[in-house]
Amino acid sequence: MEPLLSFKGVTKGFDDVTILNKMDLEIESGHFYTLLGPSGCGKTTILKLIAGFEQPDDGDIIYLNKSIGELPANKRKVNTVFQDYALFPHLNVYDNIAFGLKLKKHSKKDIDKKVIDALKLVKLSGYEQRNINEMSGGQKQRVAIARAIVNEPEILLLDESLSALDLKLRTEMQYELRELQKRLGITFIFVTHDQEEALALSDYIFVMKDGKIQQFGTPTDIYDEPVNRFVADFIGESNIVEGKMVEDFVVNIYGQDFECVDAGIPSGKNVEVVIRPEDISLIEADKGLFKATVDSMLFRGVHYEICCIDRKGYEWVIQTTKKAEVGSEVGLYFDPEAIHIMVPGETEEEFDKRIESYEEFDNA
């Protein structure tokens, strides 16, 4: 299948600073994509290039097999929902949503139908005459989305559009955005620095750092199989320790061999071992894989977050529903499936090839 949109060696800079350097990416139709990364990583620049607000310095942007690198923003089948919503405060809900349709000289009958349909989709039926200044943050968010989808775009861009909402409302809007994307069936491209938001919303995630894509994949793939230390740390909490590969499916940590599910790495290769906090159990000290001392405990609502210090001085973070006494000695236990092996310096292509090789081994 041909991608809906692709970047081919796109380079973009501002004030002699390169933001994107020969970037390649592909977007297929009908999925929810997220550009995830810290501030300054280039994710909003990608959005501006797709929208037509900026043009690439080099490379090309392809939409349905046609170059759009020089195509003006108003000629693209793309609409954007901005972080501040960019609504007109002097216009009511109806006129805000109808604004673009009026510019395009649609008939009043057509505009009425499209506005009413859009309001129904965002669950604001009956709000046509409401003043924008009388609306809550969540309602303004919905109006901004309605104004975008009324133009029937092929791609909807959302630039950190939930960041101004409080936690409860942001969570509610995550459900609504996901449901809306499925109902519309169009491509959503969402920008955020919030990893939990990205995991909850996305079909696919681009994890970015310093203008480069570190890893692309489904939320599950990226969470369970991070390609490097940055991704492992950025996507949720991680315990990362140094180890050495013994052979396929065996890794040595602290001079002790552990079964794992990774293969395709040379024997004796120095590696980094990732174990998620929720995959570690606290048990009696003598029954654990190794011992540690409880250093602190915080109650996080759905679980306790417990920090333990092992004999090497490394701090382990454990998420569990069971309490532990600060200062007590405990045993740490995890299953082979909880261990993920990262090879320092391994590219995403090399990582994917390695994963595929031992998945084929498992299926043989």
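Here the Cβ of each residue, glycine as well, is placed from N, Cα and C on the backbone.
The C-beta environment of Cys41 (ATP binding site), restricted to residues of the same chain at least 6 apart in sequence and closer than 8 Å, consists of Met208, Lys209, Asp210, Gly211. Residues or ranges marked as ATP binding site in Swiss-Prot: Gly37, Pro38, Ser39, Gly40, Cys41, Gly42, Lys43, Thr44.
Per Swiss-Prot, domain 'ABC transporter' is recorded for 5-235.
Less than 8 angstroms from the CB of Lys43 (ATP binding site) sit Leu35, Leu36, Gly37, Val191, Phe206, Met208, each of them six or more residues away in the same chain. For the binding-site residues given as Pro38, Gly40, the lowest number of other CB atoms within 10 Å of the residue's CB is seen at Pro38. Fewest Cβ neighbours within 10 Å among the binding-site residues Gly37, Gly42: that distinction goes to Gly42. It is Ser39, among the binding-site residues Ser39, Thr44, whose Cβ has the fewest other Cβ atoms within 10 Å in the structure shown. Same-chain neighbours of the ATP site beyond Gly37, Pro38, Ser39, Gly40, Cys41, Gly42, Lys43, Thr44, judged by a C-beta within 8 angstroms of the site's C-beta center, are, in sequence order, His193, Met208. In this model, the domain 'ABC transporter' (5-235) carries an average pLDDT of 91.
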